[in-house]
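Here is the structure we will look at, set down as structure tokens.
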Amino acid sequence: MGQFISFMQEIPTFLQEALNIALVAVSLIAIIKGVVNLYKSGLFQFFVFLALAGRSCTEEAFKIGLHTEFQTVSFSMVGLFSNNPHDLPLLCTLNKSHLYIKGGNASFKISFDDIAVLLPEYDVIIQHPADMSWCSKSDDQIWLSQWFMNAVGHDWYLDPPFLCRNRTKTEGFIFQVNTSKTGINENYAKKFKTGMHHLYREYPDSCLDGKLCLMKAQPTSWPLQCPLDHVNTLHFLTRGKNIQLPRRSLKAFFSWSLTDSSGKDTPGGYCLEEWMLVAAKMKCFGNTAVAKCNLNHDSEFCDMLRLFDYNKNAIKTLNDETKKQVNLMGQTINALISDNLLMKNKIRELMSVPYCNYTKFWYVNHTLSGQHSLPRCWLIKNNSYLNISDFRNDWILESDFLISEMLSKEYSDRQGKTPLTLVDICFWSTVFFTASLFLHLVGIPTHRHIRGEACPLPHRLNSLGGCRCGKYPNLKKPTVWRRGH
């Protein structure tokens, strides 16, 4: 250590010698050149590879390119399923045998058996939605019953009527639907079965051909072990679109913006993790993502953002609104959801191919600029998310598209800030400089000299060595072309 300190103290002294300076310069050049040669040889890269080989990369730092990363975003669906009256419905299947549905403060247990609890002679026959008012004194129960029958595809004017218990009786609310696959009721039973399969992904069909089968729905408490299955809710909302909204006017051709958890508009975008994301410290999806969603309607991520954004204001409004406005909410939500995407994912699920459950999304993030691609759904197969390697081509292409989009945007920005005239002047001046530099290197001669004599300026000589102006006679001496004087 003392030798190093002594050496540093002697630097100003030995640098006074020119030879020492030359030695220091040669040493520095040799060291730098040696490091560069080692780097170009690949030795450093080889040791880095040995140190990192076999280690796993976290999803947060999964590198695709130099400045692009593979990142994910997950939704928390708790904000959609609150306990407000007339809120979004919940559907649940327990042990593949018990079916439940919940809407607002009402909860029903749905069962199938061959025991007739209600009879046409003693109970209410339901042929129209207005007849449901004879079944219960609770608006929540009536509202949920009507919405459920609409969702399974029941036509109030063409399909067979069903029964409910008169609200004046003390036994409690219940309604009963004949789903027997017999006689003229067979077509309706198949239609009802199809509707139940769309609503409940694990629907157990206990009705046998040619046997009596009755569906009963009666109030019950919501089981605590029931999961919040938002996919069933999305299917439930879209099933009733033909009845609740015969003329769908929006068809996803509209613009929208994000709001915060209190419902206030934030045109500049809102950080989703503050109220509906599982992952913390996630970046904000601002005007860029919103603009992409306004242009691109074929995206599960955009559908979920629309549902989140609408649900906050809808719930706040519905607390003080009438039954008519409740129906309007159902119509509007149906217009917000992309039916094609839901049906496409449902078909994929039934065919045991990767499908989207609207929970986890991935996107490509540029670490330097902070720009990101539009999140895409992380597909599920066999009840588990696909590995990153299973859709490697997708995120590589998404990375290429992001880089291309960034370069295109940067080029457009530069084109907008730089006048074309200035670009032309710069280009032609560069061409002129290059041409003049070439001519300068070639060395074009400018005048004649008499060989072996001084420059004859200011006179100009002809090929005979005489003055071109005629002042001096021709000397008939050999001449040579010269450039300098």
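Note that Cβ sites are derived from N, Cα and C of the backbone, with glycine treated the same way.
Feature annotations, courtesy of Swiss-Prot:
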TOPO_DOM  2-17  topological domain 'Extracellular'
LIPID     G2  N-myristoyl glycine
TRANSMEM  18-33  transmembrane segment
TOPO_DOM  34-58  topological domain 'Cytoplasmic'
TOPO_DOM  59-424  topological domain 'Extracellular'
DISULFID  C92-C226  disulfide bond
DISULFID  C135-C164  disulfide bond
DISULFID  C207-C213  disulfide bond
DISULFID  C271-C284  disulfide bond
REGION    287-355  region 'HR1'
DISULFID  C293-C302  disulfide bond
DISULFID  C356-C377  disulfide bond
REGION    360-423  region 'HR2'
TRANSMEM  425-445  transmembrane segment
TOPO_DOM  446-485  topological domain 'Cytoplasmic'
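Comparing C-alpha positions, C293 (disulfide bond) sits nearest to C226 among the disulfide-bonded residues C135, C207, C213, C226. According to its DSSP assignment, C302 (disulfide bond) is helical. Confidence over the region 'HR2' (360-423), given as mean pLDDT on the 0 to 100 scale, stands at 81. Ranking the disulfide-bonded residues C135, C164, C302, C356, C377 by the distance of their Cα atoms from the Cα of C92 (disulfide bond) places C356 first. Of the candidate disulfide-bonded residues, C135, C207, C213, C302, the one lying closest to C377 (disulfide bond) when CA atoms are compared is C302. Summarised by DSSP class, the composition of the region 'HR2' (360-423) is 34 helix, 14 strand, 16 coil. When the Cα atoms are compared, C302 (disulfide bond) and C207 (disulfide bond) turn out to be 39 Å apart.
Secondary structure at C207 (disulfide bond), taken from DSSP and collapsed to helix, strand or coil, is coil.
Reported as a whole number, the C-alpha separation between C164 (disulfide bond) and C213 (disulfide bond) equals 16 Å. Taking the Cα of C213 (disulfide bond) as the reference point, the closest of the disulfide-bonded residues C135, C226, C356 is C135. Of all the disulfide-bonded residues in the record (C135, C207, C356), the one with the smallest CA separation from C226 (disulfide bond) is C356. Cβ neighbour count for C92 (disulfide bond) (all protein chains, 10 Å cutoff from its Cβ): 21. Reported as a whole number, the C-alpha separation between C207 (disulfide bond) and C135 (disulfide bond) equals 26 Å.
Cα separation, C135 (disulfide bond) to C356 (disulfide bond), rounded: 39 Å.
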